[in-house]
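**Student:** Structure in structure tokens, see below.
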Amino acid sequence: MKKITINDLLTWKQEGRKFASVTAYDASFAQLFEQQNMPVMLVGDSLGMVLQGRNDTLPVTIDDIAYHTRSVRAGSPNSLLMADMPFMTFATPAQACENAAKLMRAGANMVKIEGGAWVAETISTLTQRAVPVCAHLGLTPQSVNIFGGYKVQGRNLDQAETMVNDAITLAQAGAQIIVLECVPASLAERITKAVDVPVIGIGAGNATDGQILVMHDMFGISANYMPKFSKNFLAETGDMRAAVTKYIEDVESGAFPGSQHTFE
Ligand code: KIV
Ligand code: NA
């Protein structure tokens with residue numbers, strides 16, 4: 001696989017070519033994913049749940065993410081590699097700079113930050129200092145204690161308007177990718193059209209520019225349960241490499257996510 005950059009994703013958005021991405025936490029899977037031409041990988045703070053067996057992502061530290069980012073980069077030299085900024089590691093722009101530097105030094109190409117318009121200042125601070133940022137809107141799992149559970153976001157009109165405006169604000173602040181998690185498909189489509197940057201969805205319907213899955217969900221081996229929006233591609237193919245290829249093909253063709261994986 002040739003080296004993938006943000007410019008490739010922008011071109012694909014402009015050409016209407018959908019792309020897949022997946023979480024990765026170690027060198028072996030990262031290498032397998034790269035061999036199947038997975039263009040984008042994320043060292044997600046979901047590792048708190050799928051690797052550490054916690055109930056939420058709040059215990060994950062910047063050193064946890066840096067450790068796994070080094071591993072993934074070792075296995076995948078060419079993917080566009082994003083790394084999550086964990087809970088409370090970007091409470092202020094200064095803190096965000098210090099912590100983002102650890103992830104960039106570990107091999108990330110971009111950091112991902114959960115939050116609405118309030119993170120705009122942090123995003124512009126980071127991008128001005130050469131740290132590309134992906135903004136994460138909708139069901140932002142670090143806010144589980146504010147939401148009172150893992151619930152679809154943006155279902156009422158006010159919430160939807162706020163999310164559209166937040167996406168525009170964060171793109172203007174310099175965010176180069178937007179991730180939307182667990183939002184109604186029609187809202188995700190609206191946001192995808194409202195911003196020039198690539199939008200990657202998870203539980204956000206199939207009108208976004210790209211899709212992402214937690215790798216354990218893609219293989220159907222998550223410790224707890226299978227979210228409605230995920231699909232076990234290993235069950236369908238019986239082989240890990242074939243499962244990854246099938247996921248990529250189904251995203252590119254628009255077959256995944258189907259209506260059974262989508263919220264309305
Ligand atoms: O941590 C993670 O895996 C994520 C994706 C679900 C987008 O943030
Ligand atoms: Na995350």
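Glycine too: its Cβ is placed from the backbone N, Cα and C atoms.
Per TrEMBL, the feature active site, proton acceptor maps to E181. Annotated Mg(2+) binding site per TrEMBL: D45, D84, E114, in sequence order. The feature 3-methyl-2-oxobutanoate binding site is assigned by TrEMBL to D45, S46, D84, K112.
Relative to the rest of the structure, where do these features sit?
**Tutor:** E181 (active site, proton acceptor) falls within a strand segment according to DSSP.
In the three-state DSSP reading, E114 (Mg(2+) binding site) counts as strand. E114 (Mg(2+) binding site) counts 23 other C-beta atoms within 10 Å of its own C-beta, drawing on all protein chains shown.
Counting every protein chain shown, 25 other Cβ atoms lie within 10 Å of the Cβ of K112 (3-methyl-2-oxobutanoate binding site).
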**Student:** Between D45 (Mg(2+) binding site) and K112 (3-methyl-2-oxobutanoate binding site), how many Å separate their Cα atoms?
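**Tutor:** Taking the Cα atoms only, D45 (Mg(2+) binding site) lies 10 Å from K112 (3-methyl-2-oxobutanoate binding site).
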**Student:** Quick check on the recorded positions D45, E181: which one has the highest count of other Cβ atoms within 10 Å of its Cβ?
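**Tutor:** Checking each of D45, E181, the winner is D45.
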**Student:** Taking DSSP three-state, what's D84 (Mg(2+) binding site) in: helix, strand or coil?
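**Tutor:** DSSP call for D84 (Mg(2+) binding site): strand.
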**Student:** Give me the non-local Cβ neighbours of S46 (3-methyl-2-oxobutanoate binding site): same chain, 6+ apart in sequence, Cβ-Cβ under 8 Å, ordered along the sequence.
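**Tutor:** Once residues fewer than 6 apart are set aside, S46 (3-methyl-2-oxobutanoate binding site) is near T23, T57, P141, V214.
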**Student:** Please list residues from the chain of D84 (Mg(2+) binding site) whose Cβ is under 8 angstroms from its Cβ, counting only those at least six apart in sequence.
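**Tutor:** Listed in sequence order, they are L42, V43, G44, D45, V60, I65, V111, K112.
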**Student:** Could you tell me which of the recorded positions D84, E114, E181 have their C-beta within a distance under 6 angstroms of some atom of ligand 2?
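**Tutor:** Those recorded positions that pass the cut-off, since their Cβ is under 6 Å from ligand 2, are D84.
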